[in-house]
Amino acid sequence: MICKRCNTQNEAGAKFCKNCGMELNFIPSNKDKHSKISDTLLTIFIFITFVITVANFTIQKLVDDWYEVPTKYFQGTLWILGNLIYILVPIAIKNQTIKIIGIILTAIMVLYWSYGNFTWIFE
């Protein structure tokens, strides 16, 4: 085990550093693991949001009257997926209380946006 104060290599079972005498209590942390998960979730969010935005833009530019032909169902599906992807943001939050509040608020927004899209698609 390496001492955090003086960077001296100590024996595996040592309780104190042989060089400076500092206590070698090692408390494993989940901070790094949670940071990697948060970073991964936010990266996925950004990537999928970008792909959906590009797909929506492409459909609207390439297909005339996209809102009246069968592509409107594909467009609606992209909008719904785009709304559902927002659930990844509160999942990436560390604080449990804020995470739960974020998930509830995001679920309400997703339901509202999805309802608007469903009514438009099935008119």
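Cβ coordinates come from backbone N, Cα and C, glycine included.
Automatic, uncurated: that is what TrEMBL annotation is.
Note that this is a predicted model, so its numbers are computed, not measured.
Per TrEMBL, the features are:
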{"type": "DOMAIN", "residues": "3-24", "note": "domain 'Zinc-ribbon'"}
{"type": "TRANSMEM", "residues": "41-59", "note": "transmembrane segment"}
{"type": "TRANSMEM", "residues": "74-93", "note": "transmembrane segment"}
{"type": "TRANSMEM", "residues": "100-122", "note": "transmembrane segment"}
Averaged pLDDT, computed only over the residues in the domain 'Zinc-ribbon' (3-24):
85
Quick test of the contact rule: Cβ under 8 Å, at least six residues beyond the ends. What residues does that give for the transmembrane segment (41-59)?
66, 71, 74-75, 78-79, 81-82, 85-86, 88-89, 91-92
